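Quick look at what TrEMBL annotates:
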- 65-204: domain 'Casparian strip membrane protein' (DOMAIN)
- 71-92: transmembrane segment (TRANSMEM)
- 113-132: transmembrane segment (TRANSMEM)
- 152-176: transmembrane segment (TRANSMEM)
- 197-216: transmembrane segment (TRANSMEM)
(Lines of atoms letter the chains of each structure in order from A; the text may use other names.)
(Lines give C-alpha, C1' and ligand atoms only; values in the text may rest on other atoms or scores of the structure.)
Protein backbone atom coordinates (compact mmCIF):
# COMPACT_ATOMS: atom_id res chain seq x y z
CA UNK A 1 0.00 0.00 0.00
CA UNK A 2 1.34 3.42 -0.87
CA UNK A 3 1.32 6.49 1.37
CA UNK A 4 -1.88 8.02 -0.03
CA UNK A 5 -3.86 4.83 0.60
CA UNK A 6 -2.65 4.73 4.20
CA UNK A 7 -3.64 8.37 4.76
CA UNK A 8 -7.11 7.81 3.22
CA UNK A 9 -7.66 4.77 5.45
CA UNK A 10 -6.65 6.69 8.57
CA UNK A 11 -8.95 9.58 7.69
CA UNK A 12 -11.97 7.33 7.23
CA UNK A 13 -11.29 5.56 10.50
CA UNK A 14 -10.94 8.84 12.38
CA UNK A 15 -14.13 10.22 10.86
CA UNK A 16 -16.07 7.15 11.97
CA UNK A 17 -14.74 7.12 15.51
CA UNK A 18 -14.64 10.87 16.13
CA UNK A 19 -17.60 12.54 14.50
CA UNK A 20 -17.11 15.71 16.50
CA UNK A 21 -13.53 16.16 15.38
CA UNK A 22 -11.96 17.57 12.29
CA UNK A 23 -8.92 15.98 10.69
CA UNK A 24 -6.03 18.26 9.87
CA UNK A 25 -3.34 16.86 7.54
CA UNK A 26 0.03 18.54 7.55
CA UNK A 27 3.09 17.71 5.57
CA UNK A 28 6.54 18.36 6.72
CA UNK A 29 9.61 18.75 4.63
CA UNK A 30 9.96 14.99 4.42
CA UNK A 31 7.80 12.71 2.32
CA UNK A 32 5.96 11.41 5.39
CA UNK A 33 2.84 13.17 6.45
CA UNK A 34 1.30 13.61 9.87
CA UNK A 35 -2.40 13.35 10.66
CA UNK A 36 -3.84 15.23 13.62
CA UNK A 37 -7.40 15.62 14.89
CA UNK A 38 -8.68 18.74 16.60
CA UNK A 39 -12.09 18.98 18.25
CA UNK A 40 -14.66 21.43 16.99
CA UNK A 41 -18.06 22.24 18.33
CA UNK A 42 -20.94 21.36 16.08
CA UNK A 43 -24.12 23.24 16.93
CA UNK A 44 -27.30 21.91 15.51
CA UNK A 45 -29.63 24.65 14.37
CA UNK A 46 -32.33 25.30 16.90
CA UNK A 47 -35.87 25.95 15.84
CA UNK A 48 -36.03 28.67 18.49
CA UNK A 49 -33.41 30.68 16.65
CA UNK A 50 -35.69 30.89 13.65
CA UNK A 51 -38.80 31.78 15.68
CA UNK A 52 -37.39 34.62 17.78
CA UNK A 53 -38.05 37.37 15.29
CA UNK A 54 -41.67 36.38 14.44
CA UNK A 55 -42.50 35.95 18.12
CA UNK A 56 -41.04 39.32 19.01
CA UNK A 57 -42.95 40.87 16.15
CA UNK A 58 -46.24 39.33 17.30
CA UNK A 59 -45.52 40.43 20.87
CA UNK A 60 -44.87 44.04 19.89
CA UNK A 61 -47.92 44.19 17.59
CA UNK A 62 -50.19 42.70 20.27
CA UNK A 63 -48.84 45.13 22.85
CA UNK A 64 -49.38 48.06 20.50
CA UNK A 65 -52.96 47.01 19.75
CA UNK A 66 -53.74 46.79 23.47
CA UNK A 67 -52.30 50.27 24.05
CA UNK A 68 -54.32 51.75 21.18
CA UNK A 69 -57.53 50.08 22.39
CA UNK A 70 -56.97 51.40 25.91
CA UNK A 71 -56.30 54.88 24.55
CA UNK A 72 -59.56 54.88 22.56
CA UNK A 73 -61.58 53.71 25.58
CA UNK A 74 -60.06 56.38 27.82
CA UNK A 75 -60.78 59.09 25.27
CA UNK A 76 -64.43 58.01 25.10
CA UNK A 77 -64.58 58.08 28.91
CA UNK A 78 -63.07 61.56 28.86
CA UNK A 79 -65.82 62.82 26.53
CA UNK A 80 -68.59 61.21 28.58
CA UNK A 81 -67.30 62.67 31.85
CA UNK A 82 -67.03 66.09 30.23
CA UNK A 83 -70.64 65.96 29.01
CA UNK A 84 -71.80 64.75 32.43
CA UNK A 85 -70.14 67.66 34.22
CA UNK A 86 -71.18 70.19 31.58
CA UNK A 87 -74.86 69.22 31.74
CA UNK A 88 -74.91 70.17 35.41
CA UNK A 89 -72.63 73.19 35.13
CA UNK A 90 -75.00 75.00 32.74
CA UNK A 91 -77.57 75.23 35.55
CA UNK A 92 -75.33 77.13 37.98
CA UNK A 93 -77.07 80.35 38.97
CA UNK A 94 -78.47 81.89 42.12
CA UNK A 95 -82.24 82.03 42.59
CA UNK A 96 -83.89 85.44 42.73
CA UNK A 97 -85.02 86.92 46.03
CA UNK A 98 -88.67 86.20 45.35
CA UNK A 99 -87.92 82.54 44.69
CA UNK A 100 -85.74 81.92 47.76
CA UNK A 101 -88.53 79.98 49.42
CA UNK A 102 -88.90 77.73 46.40
CA UNK A 103 -86.64 74.93 45.36
CA UNK A 104 -83.33 76.13 43.96
CA UNK A 105 -82.60 75.41 40.32
CA UNK A 106 -78.83 75.21 40.88
CA UNK A 107 -77.18 71.80 41.30
CA UNK A 108 -74.84 73.26 43.92
CA UNK A 109 -77.80 73.42 46.32
CA UNK A 110 -78.17 69.63 46.32
CA UNK A 111 -75.41 67.42 47.79
CA UNK A 112 -76.34 64.50 45.53
CA UNK A 113 -75.86 66.48 42.34
CA UNK A 114 -72.78 68.19 43.73
CA UNK A 115 -71.27 64.77 44.36
CA UNK A 116 -72.15 63.69 40.83
CA UNK A 117 -70.53 66.82 39.42
CA UNK A 118 -67.37 66.32 41.49
CA UNK A 119 -67.02 62.71 40.36
CA UNK A 120 -67.51 63.71 36.72
CA UNK A 121 -64.77 66.34 37.02
CA UNK A 122 -62.48 63.84 38.76
CA UNK A 123 -63.07 61.28 36.02
CA UNK A 124 -62.44 63.92 33.36
CA UNK A 125 -59.12 64.96 34.90
CA UNK A 126 -58.00 61.37 35.41
CA UNK A 127 -58.87 60.23 31.90
CA UNK A 128 -57.25 63.36 30.46
CA UNK A 129 -53.97 62.48 32.15
CA UNK A 130 -54.27 58.85 31.09
CA UNK A 131 -55.05 59.86 27.49
CA UNK A 132 -52.05 62.17 27.40
CA UNK A 133 -49.84 59.43 28.82
CA UNK A 134 -51.24 56.94 26.31
CA UNK A 135 -50.35 59.21 23.41
CA UNK A 136 -46.84 59.67 24.81
CA UNK A 137 -46.44 55.91 25.27
CA UNK A 138 -47.35 55.27 21.64
CA UNK A 139 -45.09 57.99 20.26
CA UNK A 140 -42.27 57.73 22.81
CA UNK A 141 -42.49 54.50 24.77
CA UNK A 142 -42.10 54.92 28.53
CA UNK A 143 -41.18 58.61 28.36
CA UNK A 144 -43.27 59.69 31.36
CA UNK A 145 -43.35 56.67 33.67
CA UNK A 146 -42.07 53.12 33.51
CA UNK A 147 -44.50 50.58 32.05
CA UNK A 148 -44.60 48.19 35.07
CA UNK A 149 -45.45 51.02 37.48
CA UNK A 150 -47.94 52.46 35.00
CA UNK A 151 -49.78 49.11 34.74
CA UNK A 152 -50.14 48.88 38.53
CA UNK A 153 -51.32 52.48 38.90
CA UNK A 154 -53.79 52.24 36.02
CA UNK A 155 -55.27 48.98 37.29
CA UNK A 156 -55.87 50.42 40.76
CA UNK A 157 -57.10 53.89 39.80
CA UNK A 158 -59.36 52.57 37.05
CA UNK A 159 -61.27 50.56 39.63
CA UNK A 160 -61.50 53.55 41.98
CA UNK A 161 -62.89 55.83 39.26
CA UNK A 162 -65.31 53.10 38.14
CA UNK A 163 -66.68 52.84 41.67
CA UNK A 164 -67.07 56.62 41.94
CA UNK A 165 -68.86 56.84 38.59
CA UNK A 166 -71.37 54.10 39.31
CA UNK A 167 -72.03 55.43 42.82
CA UNK A 168 -72.56 58.99 41.55
CA UNK A 169 -74.97 57.84 38.84
CA UNK A 170 -76.96 55.81 41.36
CA UNK A 171 -77.13 58.76 43.76
CA UNK A 172 -78.27 61.05 40.95
CA UNK A 173 -80.96 58.57 39.86
CA UNK A 174 -82.28 58.38 43.42
CA UNK A 175 -82.46 62.18 43.56
CA UNK A 176 -84.26 62.35 40.20
CA UNK A 177 -86.91 59.87 41.33
CA UNK A 178 -87.82 62.02 44.35
CA UNK A 179 -87.88 65.39 42.58
CA UNK A 180 -90.89 66.21 40.44
CA UNK A 181 -91.26 69.95 41.06
CA UNK A 182 -91.89 72.12 38.03
CA UNK A 183 -89.48 74.76 39.37
CA UNK A 184 -86.52 72.43 38.88
CA UNK A 185 -87.68 70.72 35.73
CA UNK A 186 -84.68 71.98 33.76
CA UNK A 187 -82.29 70.86 36.48
CA UNK A 188 -84.01 67.47 36.62
CA UNK A 189 -83.57 66.98 32.88
CA UNK A 190 -79.93 68.00 33.13
CA UNK A 191 -79.48 65.55 35.98
CA UNK A 192 -80.89 62.75 33.85
CA UNK A 193 -78.34 63.54 31.14
CA UNK A 194 -75.55 63.74 33.70
CA UNK A 195 -76.49 60.41 35.31
CA UNK A 196 -76.74 58.73 31.92
CA UNK A 197 -73.30 60.01 30.87
CA UNK A 198 -71.79 58.95 34.21
CA UNK A 199 -73.14 55.44 33.87
CA UNK A 200 -71.96 55.24 30.25
CA UNK A 201 -68.51 56.40 31.36
CA UNK A 202 -68.58 53.66 34.01
CA UNK A 203 -69.30 51.00 31.37
CA UNK A 204 -66.55 52.20 29.04
CA UNK A 205 -64.01 52.59 31.84
CA UNK A 206 -64.86 49.07 33.01
CA UNK A 207 -63.66 47.78 29.63
CA UNK A 208 -60.51 49.83 30.07
CA UNK A 209 -60.07 48.29 33.52
CA UNK A 210 -60.27 44.83 31.97
CA UNK A 211 -57.51 45.82 29.55
CA UNK A 212 -55.41 47.11 32.44
CA UNK A 213 -55.89 43.82 34.26
CA UNK A 214 -54.99 41.92 31.09
CA UNK A 215 -51.77 43.90 30.68
CA UNK A 216 -50.90 43.37 34.35
CA UNK A 217 -51.50 39.62 34.16
CA UNK A 218 -49.56 39.24 30.94
CA UNK A 219 -46.63 41.10 32.50
CA UNK A 220 -46.12 38.16 34.86
CA UNK A 221 -46.23 35.77 31.93
CA UNK A 222 -44.04 37.67 29.44
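From the backbone N, Cα and C atoms, a Cβ is placed for every residue, glycine too.
Outside the transmembrane segment (113-132), and at least 6 residues removed from its termini, the chain residues within Cβ reach (under 8 Å) are 71, 74-75, 77-78, 81-82, 84-85, 88-89, 107, 154, 157, 161, 164-165, 167-169, 171-172, 175, 187, 191, 194-195, 197-198, 201, 205. Assigned with DSSP, the residues of the domain 'Casparian strip membrane protein' (65-204) fall into helix, strand and coil as follows: 114 helix, 0 strand, 26 coil.
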